[in-house]
Amino acid sequence: MEIPRRFCICVLTFFVFVLLSPTTVHSIIRHYKFNVMTNTTKLCSSKPIVTVNGQFPGPTIVAREGDTILIKVVNHVKYNVSIHWHGIRQLRTGWADGPAYITQCPIQPGQNYLHNFTLTGQRGTLWWHAHILWLRATVHGAIVILPKLGVPYPFPKPYKEKTIVLSEWWKSDVEELINEASRIGTAPSASDAHTINGHSGSISNCPSQSSYGLPVRAGKTYMLRIINAALNEELFFKIAGHVLTVVEVDAVYTKPYKTDTVFIAPGQTTNVLLTANANAGSNYMVAATTFTDAHIPYDNVTATATLHYIGHTSTVSTSKKTVLASLPPQNATWVATKFTRSLRSLNSLEYPARVPTTVEHSLFFTVGLGANPCQSCNNGVRLVAGINNVTFTMPKTALLQAHFFNISGVFTDDFPAKPSNPYDYTAPVKLGVNAATMKGTKLYRLPYNATVQIVLQNTAMILSDNHPFHLHGFNFFEVGRGLGNFNPEKDPKAFNLVDPVERNTVGVPAGGWTAIRFIADNPGVWFMHCHLELHTTWGLKMAFVVDNGHGPDQSLLPPPADLPKC
């Protein structure tokens, strides 16, 4: 029997549609090898640094939503090593998260470990970094997660995409600095320079052989994937003569927001659109400089790069005038506050903001510095930090292993849900007055799928400083923020439960508070800590243990066979 021609065409059209449909495109497995090694750099001065594959910044991981990533990390250096994939949800794969002594024991010298995880429901810019000692000063790089094939951005497709990694640089050996500071109980010296993609720039007191150049074509729109990989510095980022449109933070789309200055804390990522619509006859300064409103030593050196318009050449023309960036003052709290308060989730049909409207676990965490007695330290005290007056003590066995195998004596699950002794948190307190903290490896236990609200209340103990807090294993919604002490009767009435910004790292303002909400839908042990490395070292950290739910799809997977041993 002859098959009608129209029927054949319809069947062929159907199969072509199915084959090209985004839902039928199979995800792939992507393999990477990270050799953690020592090499010599000439930035500022020659010194050995720890890198991945000899690169600073390290290699970029590029994948698509739904892909599975296999990364073999090989340790060729004298230090124990671990690497964290910052912002990856790690659904049921906490063994791959990376923080040393939290989800795994570190990779010892000469050993290796295969990280295996899937990029589920995420697309955008994230990053990876060392998560032990202060190695992330030079051990870090970008993660670029593209949308699934056939799925467009929720904004006009850019002509090209560029990754911008902001970092800090010390002329001295960073590990020696922090070890000496820990010995005497104080803070190490501030960094000597900031860098943009590994270059400090021409006006820095730490000149490199060249500045980073950002070539653009007139009339084209570019997407910049900006990452703050600095250890201890919140930063302003600006490009002279150009407006930036924020479209994503921490790998979550936002409502477009136009600004001339980006404020970005350590651990955060921000995607912006840049249209090259300025006078092509000039070069334009790209600048990254410190923001701080605390009275502490900081790196006041501005990193610079050059945006230049290209035609038939891709090099910077030294004969062109360079338009300088008009940077905010380094204590411009109003600039940082305006930027932070202007961010909103996209909250579209395709990308809804699923904000918890009810709360089962309401937590109140005071975050700040303290001082404990120390006979061998300067002034007889050691600077520390804590949450609810608890300075977190790192275990000698990974917490996730202790949880999974029911190993006793490693941690307790009695982390306080609120301070034991309430006080006027934002009133200045003199050194030695209620400044001491208790030590402990305390976790807070959550049942699977619990809705959680945390109010992070900054304190003025010792001094009031900003604290960018990162939560592993989850995204959360920033539903509110304010100055002064949080008022549980008044402040929740102003919470944004419609389109609050969603992210994995949030700033707690000096002298104020931030409220976040999330759903505990990821079983395992999940670290929460200040992303100022100094404060983390001093103990400004804790962890959640999330129990398994019902059935295998709500349960932590077993550990891999090559999980490092302590």
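Note that Cβ sites are derived from N, Cα and C of the backbone, with glycine treated the same way.
Note that the structure is a prediction, hence the values are computed from the model and not measured.
With Cys530, His535 listed by Swiss-Prot as binding Cu cation 4, the candidate from His467, His470, His472, His550 annotated for that site turns out to be His467. The Cu cation 2 site in Swiss-Prot is built from His86, His129 plus one of His403, His531, namely His531. Among His76, His115, His131, the residue that Swiss-Prot places alongside His472, His529 at the Cu cation 3 binding site is His131. For the pair formed by Asn300 (N-linked glycosylation site) and His472 (Cu cation 3 binding site), distance between Cα atoms is given as 30 Å, rounded to the nearest Å. Around His86 (Cu cation 2 binding site), a 10 Å sphere centred on its CB holds 27 further CB atoms from the protein chains shown. Reduced to three states, the DSSP call for His467 (Cu cation 4 binding site) is strand. Excluding the listed site residues His131, His472, His529, the same chain places His84, Asp97, Gly98, Pro99, Ile102, His470, Phe527, Met528, Thr536, Lys541 with Cβ atoms within 8 Å of the centre of the Cu cation 3 site Cβ atoms. Among the binding-site residues His129, His472, His529, the ones whose Cα sits within 10 Å of the Cα of His535 (Cu cation 4 binding site) are His529. In the domain 'Plastocyanin-like 1' (37-150), the DSSP tally of helix, strand and coil residues is 6 helix, 53 strand, 55 coil. Here nothing among the binding-site residues His131, His529, Cys530 falls inside 10 Å of the CA of Asn389 (N-linked glycosylation site). His129 (Cu cation 2 binding site) sits 28 Å from Asn331 (N-linked glycosylation site), taking the C-alpha atoms as the reference points.
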